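What Swiss-Prot lists as signal peptide is 1-20, and the listing cites sequence analysis. For Cys21, the entry in Swiss-Prot reads S-diacylglycerol cysteine, with the evidence type sequence analysis. The annotation N-palmitoyl cysteine is assigned in Swiss-Prot to Cys21. According to Swiss-Prot, the feature Mn(2+) binding site maps to His68, His140, Glu206, Asp281, an assignment based on similarity to another entry.
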Amino acid sequence: MKKIASVLALFVALLFGLLACSKGTSSKSSSDKLKVVTTNSILADITKNIAGDKIELHSIVPVGQDPHEYEPLPEDVKKTSQADLIFYNGINLETGGNAWFTKLVKNANKVENKDYFAASDGVEVIYLEGQNQAGKEDPHAWLNLENGIIYAKNIAKQLIAKDPKNKDFYEKNLAAYTEKLSKLDQEAKQAFNNIPAEKKMIVTSEGCFKYFSKAYGVPSAYIWEINTEVEGTPEQIKTLLEKLRQTKVPSLFVESSVDERPMKTVSKDSNIPIFAKIFTDSIAKEGEEGDSYYSMMKWNLEKIAEGLNK
C-alpha cells in the first residue's frame, strides 16, 4: 500500500508540475507583446499607427460613443488591470464629468506617469469661454493636427520606454505617420485661407472646435459648449440663432457622436442647411469614411471647407 501511495503521490506531483509548466508557457506566450489600453478610438488609432502588431491593444470607449462620461465594462476593468501601458487624452476629458477614468485607474492600482500617461502632454491648453482654471479646460486638442502630432510623439516615447527592443520600429512608424499628418495640416491651412471672411465660421452642436479654430483661422459657434453640460436647451438655441443672423454663414455641421435634433431645429429656424456630419470625439466604424484619425481629420477639413465655400 505504501508503494502504491508513493506512486500515486509521484503521479499527482508530476501532473501538477506539467500543468504549472503549461500555464507558465501560456502566460509567457500571451505576455510577449506589450499590453496597451487607450481610453478612446482616436488614441487607439494613433497608437496602432506607431506600434502596429507589436502590442496587444484595447480601446475602452466604443466607436461613436461619448468619452466625456462613460461607464467602463468588466472587460475594460480587466484589461486596464492587466495593462503595461495606458494612454488617456487628459485635459479634463476622461477625468471631468463623472471622472470615470480616475476611478478606473485607482481601482486597478495604476500610477500616473508610470503606468498611465496623458497623450496631450505638452499641448497648449485652451479653456472654456470665460474660464481659466483647472477643470475648465477644453479637451478637444486633437482637432488641431499639430496637436495630433504631439500625441503621436508622446505615445511613441512611452512605447519605446516600455519596449526598447522595438525602438527602431516605433521611430520609423512615428516619422512616417507624423509626416503624413503634417502634410494634411499644411493643405488644410491653405484651403481655409481661400474662404471669404464673411462665410468663415464653423457652427456645431458642441463647442469643441476651439483648437481647430485657432489652428486654421476659422471662428466657431455652437449650441452648447461641452457635452458634460445641458445640451440643446431653447435658450442655447435662441442664443445661437441670434448670432447666426449677424453672419452670412452658408452651412451648419453636426457631430457624429451627438443628438442631431437640436441642430436640425437651428437649421429649420435659420434657413441654413446642415451640410455634413463631422467627427469630433470618435473615429467612424471600420470600413466607413473617417475610420482613422487621419481620415476623420481629412474628412472634417474637406467637408468644412466645402460647406463654407457654398
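Heads up, the Cβ atoms here are built off N, Cα and C, so glycines get one too.
Of the listed binding-site residues, namely His68, Asp281, the sparsest Cβ surroundings within 10 Å are found at His68. Taking the mean position of the Cβ atoms of His68, His140, Glu206, Asp281 as the Mn(2+) site, the remaining same-chain residues with a Cβ inside 8 Å of that point are Asp66, Pro67, Leu93, Pro139, Cys208, Ile226, Asn227, Glu255, Ser257, Thr280.
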